[in-house]
């Protein structure tokens, strides 16, 4: 079945009304929202005023690739790929290493912090008017830190955390006390009169603690994936401190790289110096043999007729010279590899014409330097050290194998060259044998001399490398700090406080509304049981306000009961016989205000000249007598039901303030068998009589969920007014009244919502705006206020 357009429009209007109702529910607590927003913004303002302001300092460096100067093939690959061969991750680890940062801590004394003591917070001071130095810088030494240092006239007062105080004179030389673990020294150019009365705080930590803190603060990373520039950054309260630390880290890292290169150069110098001693002895021996040979054979110069033959052999001898030089150098390197201690640096670039050997030696030295740094910082038992040791062993073995392979190549070349020399030497058959022997001696002398000169050249190169401290990095940007702090962020903080000011009361109210199972306004009744009309709402009044309506009363309470009486008249059936209308006033449980409602409803009808009888039919828990200051045992309905032959006029009393049209019938003595009395013929007889005498009979009956008394007499009612109390009656109890209406156990039902709170939206297009409360049970105390919404 299709929905008609009218039905769809009706649903939209209902949804719009519910949305409006929800908005009005929250808007009723606007002072709460306003107050919370003001408090949140004030708290944010105070936080921003006293929070520690943090700035970010950034420096950028580029690592210089030294391998480009040593290896042409590697440089060509770098040019083709566009990337540096440097492992930037390794360089970043060195920058953040404990060993390097510990040097920075010690140089800048970062294990000592200075603060200006203020009334609310202390501010870090990187340039105080004095300096302190520890007497003992051991990491296991404990300080009674922090110390408060107060500048007084002609002296300084120092107090530790245990409130122990000493005084020292103000002077520019280091001074101390036996009880203090440090010296204090004032700057010579400080104006003591300007700092007199100031208080400073000095905090000490161990070097290890300061280093670990710096490691956690320092950030190092590449600027992007394809970049070879490293960005160093750190956050801090003092801009000067952060920039100084970053620049010092850069200097220490540069010095560390220079030291690594100097160690390699020094090892090469030591190797060449040792070989000079050996070559000197060999040259002396060869020169001695040559001298002895010439003396023994009376030789001085080579014969002129051998000149042509010598020219022919010169090319072969030059090859032999170069070959023998390479053989000697490879032999020297092989001996060094075999005899050198484990994990020692190897001589680099000694003249071998083999790029593979030179590259392997460079890699081996880099690993040795890396291992030495790790041993210094992490110890011999570090797991990573085992990996490096393994790499060193493999690299050293590769170097040795490459050298041996190169020696084999040289041996093959030597054999081929000797064959060429034999062919060339056949032309010397006519040269005297003595001259040939002399040439052999001179050839050995030439080889040794050239080898000596080559090593001398390499020694000069190594000495220059040791002396020249070329930087290992290029500084792109020294430490810079933006003027805008990174924390706290003023805009974000204020916006967050504003949102918190709105969300906090909203969340509390939403939680309250969600968890609230009580009836609060007429919409709760209408949604729960739309088939039962809501006839009126009675306002909540304070105890010091009147609870009874008067004649010509224009109070909110009187107007609400007049509205109720008017709505009741629309629901009452018309009677042709002129009988009065019986209106039952009941509820689900006790303490919902039905008795006072019945009382005021009777007064409302009496105020318009109607003849009204108020009947107390709640025999088990009578309350009507309290409103007339009569004893509970006053003769009443229970007495008549017990003796139906009694004249009913004996239980009828004058009403409130002797209003002529208002009478009352009290409940009477509490009977032990109320259901039996009410289910007898006496009550029907009573109702038939009073309907002939009165226009309206307002009957205060027992709660329907607790006892069956009301159900036993429900057939005599013309209308049943079912009272629910706002903020008290549970919504789940409405199912009971719904079932009573559905089963017709109660006739012509209508709801009345009692004790409605402040500024609640009413039906009939009217908004009450009053601050009254009303309660008639002393044990129920209630205050409706915007600042205590949980009590509403």
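Quick reminder: no glycine exception, Cβ is built from N, Cα and C everywhere.
Automatic prediction, not curation, is the source of TrEMBL annotations.
Feature transmembrane segment, per TrEMBL, maps to range 492-513 of the set 492-513, 514-535, 536-557. Cross-referencing 29-48, 49-68 with TrEMBL places the feature transmembrane segment at 29-48. Counting residues of the domain 'Tyrosine-protein kinase G-rich' (437-512) by DSSP class, helix then strand then coil, yields 54 helix, 10 strand, 12 coil.
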